[in-house]
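Heads up, the thing below is written out as structure tokens.
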Amino acid sequence: MTSPAPPSRGARMRVHLLGIGGAGVSALARFFLARGDAVSGCDVRESESTRALVAEGAEVLLGHDPSHIEGKDLVVYSPAVKGGSTELEAARTSGIRVLTRAEMLAELIAGSESIAVAGTHGKTTVTFMVGHVLAAAGRDPSVLVGDGLSSRAGHKPWLVAEADESDGSLALHRPRHALLTSVEFDHPDHFRDVEEVDRLFRDFLSVVPGVSVVCADYERALAMPVGGRRVTYGFAAESDYRCEAIGERMFHVLRRREPLVELKLQVPGRHNRQNATGALAMAVELGVDPKVAATALAGFPGAHRRMERLGTWRGASVYDDYGHHPTKVRETLAAARELGHRRLILVFQPHRYSRFQALRDDFAVSLQAADAVVVTEIYPAGEQNPGGLSAVDLAMKVPRALFAPDLGSARQHLEELVGEGDLVLVMGAGDVWKLGDELANER
């Protein structure tokens, strides 16, 4: 699978990306494409992401081979990529610059008037929201978002970037400004406990020289020292920018107890009203007119795989969501309730054995907010089963839950469960999205 067109004339760099189909690396690919670089990459299999990148002008190769890096100026790779060592070794031997995805992102952040969005939850949506507002305000920012589709390259010094904490690489980033959405325990494959997560975010905020916008609804986030100026947001009464509901999806934002703006979002959910308040706070603190920011947020379309409507199946609405933490499951189910469908039917795919083992009981509580639940087997994401773990244990803890060993079995359950007027939500960070696509595209 290759791009039919040769690299565009005048390309500034020839960049090769290993693992180009992944969310984080594909975001960089789109950034390089948008600024006029010649982009190539490789991955082990063709996917929706790689096909989209080919359509956008990237050359995408299947598999790994040292010949892929010939004539390149820069090679960027995801450490999650298996089998790319021959390309990396050839690049280093040839004197080509080699960076991890996180190192490349850190360079872009350090060289820009940057805003890094960090936190356990909501990073992708808030990053996209801040970028959306700054673009509406004429700042023309570059935006690097982890959903794989919402990134853009601007022509001004502004950069809004999603800063991932999952592997500890957040420590590499030195942004001018930061927004911290939340602090909870996650990624037990990397962190022993919430104290380790807390320490990473503390170290991150302590070196930010500009404004740090912090969610006051999370005690750990609120308690963190910052290197520059602190601004808080959220539902908490003490927030500098406080979200106050006044109706369905409609809310006020008060700045230091004084009314600032009123807005209504297209995207549902209390967590999205919280997210929008944070994005508004950052934009206003950077000099954007509050009314311009509110208008932009009212038109925010939502991020890819974040309560994304795919279509209909047998008279039911089909939605897809990336949620893979108990808090996000709970918040997304509450958001789905706001849409007013007859019943809420969830297909949930646990992600990673380590997360399942650490948070199984919390998942069992969160899943109960649906009217019916189909739990699929755990998506390993490269992990080995430590012995005997199965999502059947989770299904047994949830009333009205059924277990499906694979996506085909999950579909069979849905054929018995789903009726006209229902909402079907497929959720998880693995490949459960394929089921949602299959249902929504069935003719």
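First residue shown is number 1, and so on along the chain.
Glycine residues also receive a Cβ, built from the backbone N, Cα and C atoms like all the rest.
Automatic prediction, not curation, is the source of TrEMBL annotations.
Record features (TrEMBL):
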type: DOMAIN; residues: 15-111; note: domain 'Mur ligase N-terminal catalytic'
type: DOMAIN; residues: 117-283; note: domain 'Mur ligase central'
type: BINDING; residues: G119, T120, H121, G122, K123, T124, T125; note: ATP binding site
type: DOMAIN; residues: 305-430; note: domain 'Mur ligase C-terminal'
Taken over the domain 'Mur ligase N-terminal catalytic' (15-111), the model's mean pLDDT: 90
Most crowded position, judged by CB atoms within 10 A, among H121, K123 as binding-site residues: K123
Sequence-distant neighbours of T124 (ATP binding site) in its chain (C-beta under 8 A, six or more apart): V145, G146, D147, S150, E162, A303, R306, Y322
For T120 (ATP binding site), nearby residues of its own chain (Cβ under 8 Å, 6 or more apart in sequence): E165, T181, S182, V183, E184, F185, D186, V197, H325, T327
G119 (ATP binding site): tally of other CB atoms within 10 A of its CB: 23
G122 (ATP binding site): tally of other CB atoms within 10 A of its CB: 25
Chain-mates of G119, T120, H121, G122, K123, T124, T125 with C-beta within 8 Å of site centroid, ATP: V117, V126, T181, S182, N275
Other C-beta atoms that fall within 10 angstroms of the C-beta of T125 (ATP binding site): 28
Secondary structure of T120 (ATP binding site) (DSSP, helix/strand/coil): coil
